[in-house]
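Note sheet for the following structure.
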Amino acid sequence: MPNQHILLSSNLLPVGSNISTWWNFGSMLLTCLILQTSTGFFLAIHYTANINLAFSSVIHILRDVPYGWIMQNTHAIGASMFFICIYIHIARGLYYGLYLNKKVWLSGTALLIILMATAFFGYVLPWGQMSFWAATVITNLLTAIPYLGVTLTTWLWGGFSINDPTLTRFFALHFILPFLIISLSSIHIILLHNEGSNNPLGTNPDIDKIPFHPYHSYKDVLMVTIMITILFTIMSFTPNLFNDPENFSKANPLVTPQHIKPEWYFLFAYGILRSIPNKLGGTLALLMSVIILTTAPFTHTSNVRSMTFRPLTQALFWTLIVTFITITWTATKPVEPPFIFISQMASAIYFSFFIINPILGWTENKL
């Protein structure tokens, strides 16, 4: 039976025996994707993409639709879970040198960019105060592009300001992009299992492999269960944990919030954008904060793949993590001293990681 052979081969997928919990975040991301797509579908059934009705339709989902509050809160908190998992997933990749599998790393970076775009479009849909003003600020960055900027912005808005056509196209994009994420995820997973995963030691795992099921499949199930438990605990007790208080008010183009900021998972990029007192420079820095990840496979100089046995690089890596958190924190603060200086320093350290890392790798080879 050919089907039996496929089942057997997936059951006996050989995997390195020493891959740790950090390798479980891929399956957790897949769970998040399934959760977001399914809850998103039920929300789309009841949502109305019209500037006069969008805010009311979200309230209608929460109050009147049976289990609508579960769908809406799971979708909103699920997005935060998605980004927590993806940031840990990327950090694991940087730490253990997984970026040397170039195709997997580059397809993953493309996935991150599309995911960020999808989340941004989704944040605009409830048409609350922060939704509207975050959309205004971020889409306005397109005007920084020389020659084409104003035309591109007008085209994206569907007019000369953010209005009904903008909301309609953002809803269309938010609906279609997850299917692109699903397609790219499939490619990402195929490319990964074509070569096989790395392990914490960074050594050749061929000498010691075990079947994926039951050993690693149960570990996956455990981590997914923990994640879903955390998600439902937040949803049950503090459903508005990640929400901005401004977003409980309907969008008003005549009243600007005191402090415009996107969702927490974009704050690191937003902090880098704000730290540069130039529109074009800030926009480029914003883009580079994510695109710079693509340089990692091409700037690796160490003879050792993983950071497990490289204490100098480990110190640099943890500096990057602290810097990431610092930028996120400063982006929540108003644009005034000392936050401007802290943000600028942290942004400089963030980018310097990708410059110092290859130099440090080369130095470690000489030790």
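From the backbone N, Cα and C atoms, a Cβ is placed for every residue, glycine too.
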Of 25-45, 130-150, the range Swiss-Prot labels transmembrane segment: 25-45
Fewest-neighbour residue among binding-site residues, criterion Cβ within 10 Å, set His75, His89, His174, His193: His193
Beyond the flanks of the transmembrane segment (218-238) by at least 6 residues, Cβ under 8 Å: 21, 24-25, 27-28, 31-32, 70, 73-74, 77-78, 81, 85
Alpha-carbon spacing, His193 (ubiquinone binding site) to His174 (heme b b562 binding site), which is rounded to whole Å: 29
Stretch with greatest number of CB pairs under 8 Å, the transmembrane segment (69-90) reference, 25-45, 105-125, 280-300 candidates: 25-45
Annotated stretches the transmembrane segment (25-45) and the transmembrane segment (170-190) touching (3 or more Cβ pairs under 8 Å): yes
